[in-house]
Amino acid sequence: MIAVSGGGTGGHFFPALAFTNYVLKKEKVKFIGSKRGIEYELKDLIKTEKLFLDVEPLRERNFYQKLKAIWKFLKAQEEINEFLKEDYRALIFGGYASLPLGINTVLRRKELFIHEQNSIPSKTNKILSKKAKKVLITFNYTKRFFPEGVRVGLPIRKELKKKLPKKEVKKRFGLEPDKITVLIFGGSQGALFLNELARDLKSVLPKEFQVILLTGKIHYEKFKNLEGEKFRVMPFSLDMGLIYSASDVAISRAGAGTINELSHFGVPSVFVPYPYAVDDHQFYNAKEIEKLGGGLVLRQEEAKPDKVLSALKEIVKNLERYSENIKKFFAEGAEERMYEELLG
């Protein structure tokens, strides 16, 4: 039996979910997450036995808050012991939600496997890696931290695997099939900076460009008035496969999930990494793609409309090459590779 844990954010949860659903066809699997994370909101997507713990991150808390978090962590150990009575091996995907299972696995001397999504490992994964049987990685840069790390890639959601004809999907969005479609988005929550950038770009975009802007739910009301002839504005999309299929190039953040999905669909990007990401990991994620020739990277303070437009034009000028290069990052069959590593 395999115990899987990963959550808190979509970046940790969705790969864990994809792996869990894959393993269900092979052997018994149980999922452990947090009641505070996105995994609890989306618990109906987890088609196996699941346990949600009342745990919270330790970072940036005062003494009493940390004491409370530690008490919750100890209580979680009892719940995990009750939930995992049979023999198991564990795969954790990082984030505070997976630390309780990681510690439990070490204390019970079970086999622990770690998957690191980002170029720079999370604090949880750094702590637990010393006791792990194997560390599985997504970015080659991560080998600086885990020299023995095995690159398996990042699992992708089943609904994103199907690619659709680009011109046909553009028409479904009411866009011109032969114009360059620029996808502007900041991940599942949206990004205020990228929404403002989209607003500033609207008046200077060349006529051969059109835009799909995903604002994020909390920003939609502020930016919905950008909707127009060459601008499609949505809070978010439940079918990102359609969005990616319609897109030629993107302006995006550089989370591991975003990069993985763009690479699957061959959509190169002007990456504007989130400047406050822990250890600046989004910047290093994006630089790996830039080195592959699959995108260009601009720091947020550099990302003025003229510079972004210049970067877009550079990519579009060599669109086929950039598209093929970003595809090189995607590791087909990541779930299967991960499972094989757990068996081996």
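One-based numbering along the chain as shown.
Heads up, the Cβ atoms here are built off N, Cα and C, so glycines get one too.
Listed in Swiss-Prot:
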type    : residues                                           : note
BINDING : Thr9, Gly10, Gly11, Asn118, Arg157, Ser188, Gln282 : UDP-N-acetyl-alpha-D-glucosamine binding site
Densest Cβ neighbourhood among Gly10, Gly11 (binding-site residues), 10 Å radius: Gly11
Where Gly11 (UDP-N-acetyl-alpha-D-glucosamine binding site) falls in three-state DSSP terms: helix
Local backbone state of Asn118 (UDP-N-acetyl-alpha-D-glucosamine binding site), from DSSP in three classes: coil
Fewest other Cβ within 10 angstroms of its own Cβ, chosen from the binding-site residues Thr9, Asn118, Gln282: Thr9
Assigned element (helix, strand, coil) containing Arg157 (UDP-N-acetyl-alpha-D-glucosamine binding site), judged by DSSP: coil
Residues that sit under 8 angstroms from Arg157 (UDP-N-acetyl-alpha-D-glucosamine binding site) by C-beta distance, when 6+ apart in the chain: Phe14, Leu17, Ala18
